Amino acid sequence: MGAMTLTAGIPELRPPVCQEQSVCIDPQKWQLAFLFSSLGLIALGAGAIRPCNIAFGADQFDTNTEKGRSQLNSFFNWWYFSFTIALIIALTGVVYIQTNISWVIGFAIPTACLALSITIFLIGRYTYICKRPQGSVFVDMAKVVSAAFRKRKINLKSGNQYSFYEPPQFGHDPDSEMPKLLVKKFKCFDKAAVITDPSELDAQGMPTNTWKLSSMQQVEQLKCLVGIVPVWFSGIGCFVVMDQQNTFGILQAIQMNKSVGNHFTIPPAWMGISSMIALSIWIYIYESIYIPRAKKILKRDSRLTIKQRIQAGIIMSILCMVAAGIVEKRRRESALEQGSFASSLHVAALLPQFIFSGLTEAFAAVAVMELLTTQMSENMRSVAGAMFFFSLSIASYLSSLIVNIIHSVTGGNGKSPWLGSHDLNENRLEYYYFIIAALGCINLIYFTFLGSSFISSAKSIKVEGELHLENSVGSMARETKELEELGAT
């Protein structure tokens, strides 16, 4: 951000101002290199901060207590709330300063905010709970796949009593403890932890070749990641809908009546703020009004489950596309009747679809982020955060793919395509919206009957993990004794 600010403040770092609208001097290669380097640093920094700040924040709560678990659930909502408030300020105040006052000041404000953020973060460096690094989970997953493939001929259903490898615990180190996840699916990966020969362990009980023998914890981590993918797909389906309002929703606003009184015109990009306001209002009502009062009346935790929130988010995404299609049909018909580029229909008619988009994010996005972070083991939380933001990127690319497919299919045989013209009056955007709504209905059916199966089985993970941890201590001792006897024989 400092480099971006310099490009705006130092004239030598950018090409000279255009003398006329069509007469501009191209930037020099070193100027472009400086600009792209700053953008690359921003992408690198965002890629490091976004997945890790959620995971690091979640590490600060003791999930072994009821208070800690309740605070962790609220953390995700309040994190998203503050994230949204910051976006509202950026899209209104900062953008206004950049476009109407000064680009230098407009870039200097977020630069100063980041500097302040780093300062505040470092002030608390002695108070944070910092989990000890446990190695790369991706390497562990590759080892599990390798070991399972090598032992693919083992029949776990044959009735033979196999011993599964659990690493011995030397001393008590809370940072090194990792709960057992006990995902009851994808049993084929369990073969990676089967001890087929005592020679697979050394004298200290550690694997002689970690690519041939994995621990049950490593196996469970991979199974958990694979099991959560179906829910992740449903989340991407919701994010596709959210992406439409950032593109076609703004284009609709451009070709509508945006005047408020005689002296003010609503900027089309401001319509996205209504989504953020709807999201913030819902989170505030849910966390500050609904949960405290419901808990006081019902005498129990009355939070909506992750499954219920994702289902509600998918329903909101469907309603968003239906509302958008209806409004677009009215807008287009009005513009064609008047023979004008912009319709007389007021931009306020777009509010329902933007509000539904915000509620989709409030229900589905927050729930998916919470699911990814809480249902994976603690040493995979940064992976979970990366998966969440990666799904937003996939949704954007998927949206572009759908647009290109519809443009190609509907524009064949000399016909006018539904999408592609710079003038929405020449398109049939409402048809596109209804197709996305139909895909949302398929997503709802898929999630209800298939994708949510992992969430249903994940409710008892923590309890079963604690029981398994207790039982594994005794079983590990018995298995070690049996292996010693077998080795002696």
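Heads up, the Cβ atoms here are built off N, Cα and C, so glycines get one too.
If you look up TrEMBL, you'll see 32-56, 77-97, 103-124, 222-242, 269-289, 310-327, 347-372, 384-411, 431-450 marked as transmembrane segment.
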Two-stretch contact, the transmembrane segment (310-327) and the transmembrane segment (77-97), at least three Cβ pairs under 8 Å: no
Selected stretch (most C-beta pairs under 8 A with the transmembrane segment (32-56)) from 103-124, 222-242, 384-411: 384-411
Paired segments the transmembrane segment (431-450) and the transmembrane segment (222-242) in contact, 3+ CB pairs under 8 A: yes
Positions whose Cβ lies under 8 angstroms from the transmembrane segment (222-242), at least six residues beyond its ends: 140-141, 144-145, 181, 183, 185-186, 189, 275, 310, 313-314, 317, 320-321, 357, 360-361, 364-365, 368, 371-372, 375-377, 380, 383, 387, 391-392, 394-396, 398-399, 402, 436, 439-440, 443, 446-447, 450-455, 457-458
Spatial neighbours of the transmembrane segment (269-289) far in sequence, C-beta under 8 Å, 6+ residues away: 74, 77-78, 80-81, 84-85, 87-88, 91-92, 95, 242, 245-246, 249-250, 253, 347, 350-351, 354-355, 357-359, 361-363, 366
